[in-house]
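Beneath this line is the structure, given in structure tokens, with notes to follow.
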Amino acid sequence: MGRMRGEALAQEVLRLKRERNAVILAHSYQLPEVQEVADFVGDSLGLAREAQRTRAEVIVFCGVHFMAETAAILNPEKTVLLPDLEAGCSLADSIRPEDVLAWKAKHPDGIVVAYVNTKAEVKALADVCVTSANAVEVVSRLPQDRPIYFVPDMFLGAHVARATGRRLDLFPGECHVHAGIREEHLKALLEAHPGAEFLIHPECGCGSGCLYLKPDAKMLSTEGMVRYAKGAEAREFVVATEVGILHRLKKEAPEKAFFPVKPDAVCEYMKRITLEKVYLSLKEMRHVVRVPEEVAGRARRALEAMVAVG
């Protein structure tokens with residue numbers, strides 16, 4: 001995409017957005033040029049809240065499929081567009097409704113906590129949904145005397161168990177991008193930047209090992225990373241998450257330096273959303289995301305509980 005072509009395309013996207021009475025929501029892992037045309041860039045919790053409060057008739061969701069589903073469930077009266085229907089999620093794909101039903105059959109009084117990175121059919125079986133930003137707070141409020149099943153990310157679940165002191169049954173799912181970030185990627189970077197603060201996403205597979213290398217690490221959601229970096233006195237940060245966040249970190253804290261633990265930690269699903277696909281989505285109103293009401297109605301309760309916390 002040439003410079004003029006990119007700028008012209010961005011202008012067309014903004015024109016169509018006004019014409020369609022649309023809002024563009026983008027996750028922090030999106031390509032920089034997609035983030036730049038968005039009305040709001042944030043994490044799953046922020047995006048869900050923004051989708052709930054918008055007055056626009058059309059929501060163009062620049063993220064992955066479960067995020068667009070979430071927007072559609074929370075806004076059944078609005079049109080939700082996903083610029084590329086192939087923008088999936090390996091973590092959301094890892095768990096099936098049958099997995100949850102099998103656990104519930106063994107624990108009839110149990111509570112199912114579903115990470116937002118799940119399909120609508122799994123959310124419909126959950127008691128509450130969480131994001132990485134509010135999982136600890138939500139779980140800490142749950143009754144002490146009932147078993148809890150945390151699905152599907154085992155690393156986030158382990159972090160929540162550590163932080164709350166609660167015993168959780170964990171589904172063995174993982175995000176392939178975050179699971180691939182290892183201690184060996186971190187060691188040399190910390191040695192090269194001894195004064196840097198270390199920001200790590202709770203989905204990372206190296207959680208305990210990385211904390212051993214850097215005990216004062218900050219385990220944060222993507223939104224938490226942005227907020228922390230802006231307010232911290234440190235000038236350098238080592239960052240363990242998908243590299244799309246770097247664009248936002250540099251934009252919101254331009255006087256600071258950010259170093260990715262794994263420069264090739266790229267979610268190919270997030271990167272399927274391009275500026276051209278956003279343009280075509282708005283132009284042709286294509287790839288409408290719909291969730292059947294019998295599923296959406298049950299999932300909505302769990303999502304509304306999530307949006308209310310944190």
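Heads up, the Cβ atoms here are built off N, Cα and C, so glycines get one too.
Database features (Swiss-Prot):
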BINDING   His27, Ser44, Tyr115, Val116, Asn117, Ser132, His201, Pro202, Glu203, Thr222  iminosuccinate binding site
BINDING   Cys89, Cys175, Cys267  [4Fe-4S] cluster binding site
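A map of Swiss-Prot features onto the structure.
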{"residue": "His27", "record": "iminosuccinate binding site", "Cβ within 10 Å": "26"}
{"residue": "Cys89", "record": "[4Fe-4S] cluster binding site", "Cβ within 10 Å": "20"}
{"residue": "Tyr115", "record": "iminosuccinate binding site", "Cβ within 10 Å": "30"}
{"residue": "Asn117", "record": "iminosuccinate binding site", "Cβ within 10 Å": "29"}
{"residue": "Cys175", "record": "[4Fe-4S] cluster binding site", "Cβ within 10 Å": "26"}
{"residue": "His201", "record": "iminosuccinate binding site", "Cβ within 10 Å": "26"}
{"residue": "Glu203", "record": "iminosuccinate binding site", "Cβ within 10 Å": "25"}
{"residue": "Cys267", "record": "[4Fe-4S] cluster binding site", "Cβ within 10 Å": "22"}
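Largest Cα-Cα distance over the residues recorded as binding iminosuccinate, namely His27, Ser44, Tyr115, Val116, Asn117, Ser132, His201, Pro202, Glu203, Thr222, equals 17 Å. A separation of roughly 14 Å, to the nearest angstrom, links the Cα atoms of Cys267 ([4Fe-4S] cluster binding site) and His201 (iminosuccinate binding site). The two recorded residues, His27 (iminosuccinate binding site) and Cys89 ([4Fe-4S] cluster binding site), show a Cα separation of 13 Å. Residues Val64, Ser90, Leu91, Ala92, Asn117, His176, Val177, His178, Glu242, Tyr269, Met270 surround the recorded [4Fe-4S] cluster site, their Cβ atoms falling within 8 Å of the Cβ centroid of Cys89, Cys175, Cys267, which are themselves excluded.
Reduced to three states, the DSSP call for Tyr115 (iminosuccinate binding site) is strand. Listed in sequence order, the binding-site residues from Tyr115, His201, Glu203 having a Cα within 10 Å of the Cα of Cys175 ([4Fe-4S] cluster binding site) are Glu203. Secondary structure at His27 (iminosuccinate binding site), as computed by DSSP, is strand.
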